[in-house]
Amino acid sequence: MTRVYNFSAGPAMLPQEVLKQAAEEMLDWQGSGMSVMEMSHRGKEFQSIFDAAERDLRELLAVPANYRILFLQGGGIGENAVVPMNLVGRKPQPATVDFIHTGSWSGKSIKEAKKYCNVNVAASSEGDQFHTIPPRDSWKLSRDAAYVHVCTNETIHGVEFHFTPDVAGETGGAPLVADMSSHILSRQIDVSRYGVIFGGAQKNIGPAGLTLVIVREDLLGQALSICPSAFDWKTVADNNSMYNTPPTYAIYIAGLVFQWLKRQGGVAEMEKRNIAKAALLYDYLDATGFYSNQVAVDCRSRMNIPFFLADESLNDAFLASARARGLLQLKGHKSVGGMRASIYNAMPIEGVQALVDYMKDFEKQHG
Ligand SMILES: *Cc1c(COP(=O)(O)O)cnc(C)c1O
């Protein structure tokens with residue numbers, strides 16, 4: 001068996017230890033005689049898996065007691081509608097929501113939210129081709145916003161927030177909502193600074209099909225009447241994420257990833273490793289003229305690193321020889337072009353080193 005280094009933006013690599021344990025437990029989970037996939041979500045076996053996953057996530061992110069963790073479906077894109085349906089009801093209708101536009105993903109959130117509220121784009125880096133994050137003091141927030149939306153890691157453009165914005169003062173107490181799909185658990189965060197954190201699992205948590213929402217309790221119970229019950233956070237919270245059948249197998253794998261993270265030393269340790277991994281690649285990109293990354297240095301993502309060959313006619317050759325070396329999924333998103341290396345928690349530093357070694361060899365050959 002040969003495992004490759006998979007630089008996909010998502011679904012993405014999972015820790016090998018997790019996949020092995022899942023394989024070993026596939027036919028018989030801990031003497032139950034069943035696969036986790038076959039278990040009733042209301043049985044005691046699955047309940048124990050669920051409780052451990054929630055407890056471990058709460059511990060890993062130090063989620064305060066006044067926040068609920070919801071295990072949902074629908075993905076980050078689903079949340080683009082679910083978030084406004086749950087939060088705009090805090091204000092008289094039609095409410096205004098503030099957005100910070102920093103790339104494709106916040107752009108999608110803006111487009112979807114327009115179905116449910118007035119959108120105020122309080123700051124945008126579109127004029128910089130999304131190579132920056134607009135500095136906090138340039139944001140034009142609304143006096144009475146229902147909430148403020150940020151995407152703290154733009155998976156396609158490769159920009160990441162390295163600060164947590166304060167928005168309450170200027171907006172009359174609006175909660176900060178963050179799409180953390182592609183960097184949740186990659187770095188330490190202060191959950192208490194956010195009203196809502198959401199993310200699809202398939203980037204840095206586990207398999208596709210699971211969506212996490214971490215929501216401050218006082219924000220529950222204000223959903224618009226058009227909000228489907230299965231996506232009304234209060235209904236979901238009151239039923240401990242079992243109002244409808246949750247994505248049981250995805251929750252099980254996410255739970256194994258949480259246990260793996262704890263064995264590694266938790267989020268603080270992952271953050272150290274992620275800083276080292278990203279530095280390895282950025283340092284090389286900055287040292288050569290053969291490749292480049294165009295993102296402002298203080299806004300660069302540790303997770304998703306887009307880069308370009310100076311001679312784009314070599315793109316196909318670059319990807320083909322990478323593939324031959326077991327370095328996969330390096331093609332950039334079609335909207336940006338070039339290359340992209342996604343190096344989430346499960347990518348070991350050896351994988352990034354193998355990529356840099358390959359890039360150096362390719363440069364020697366073609367430079
Ligand atoms: C991948 C991604 C999404 C979309 O997730 P889906 O599961 O496809 O809905 C949303 N936001 C960000 C930042 C992402 O990286």
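The backbone N, Cα and C atoms fix where each Cβ goes, and this holds for glycine too.
Copied from TrEMBL, the annotated features are:
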type    : residues                                       : note
BINDING : Arg42                                          : L-glutamate binding site
BINDING : Trp105, Thr155, Asp179, Gln202, Asn244, Thr245 : pyridoxal 5'-phosphate binding site
DOMAIN  : 4-355                                          : domain 'Aminotransferase class V'
MOD_RES : Lys203                                         : N6-(pyridoxal phosphate)lysine
Within 10 Å of the Cβ of Trp105 (pyridoxal 5'-phosphate binding site), how many other Cβ atoms can be counted across all chains shown? 22
Pairwise Cα distance for Asn244 (pyridoxal 5'-phosphate binding site)/Arg42 (L-glutamate binding site) [Å, integer]: 11
Listed binding-site residues are Arg42, Trp105, Thr155, Asp179, Asn244, Thr245; which sit with C-beta under 6 angstroms of ligand 1? Trp105, Thr155, Asp179
How many whole Å apart are the CA atoms of Gln202 (pyridoxal 5'-phosphate binding site) and Arg42 (L-glutamate binding site)? 25
Go through Arg42, Lys203, our recorded positions, and report the one whose Cβ sees the most other Cβ atoms within 10 Å. Lys203
If you skip the near sequence neighbours and keep only those at least six away, which residues in the chain come within under 8 angstroms of Asp179 (pyridoxal 5'-phosphate binding site), Cβ to Cβ? Gly76, Glu79, Trp105, Ser106, Ser109, His149, Val150, Cys151, Thr152, Phe198, Gly199
Among Thr155, Gln202, Asn244, Thr245, the most crowded of the binding-site residues [Cβ within 10 Å]: Thr155
List which of the recorded positions Thr155, Lys203, Thr245 have their Cα within 10 Å of the Cα of Arg42 (L-glutamate binding site), in sequence order. Thr245
DSSP-derived class (H/G/I helix, E/B strand, else coil) of Arg42 (L-glutamate binding site): coil
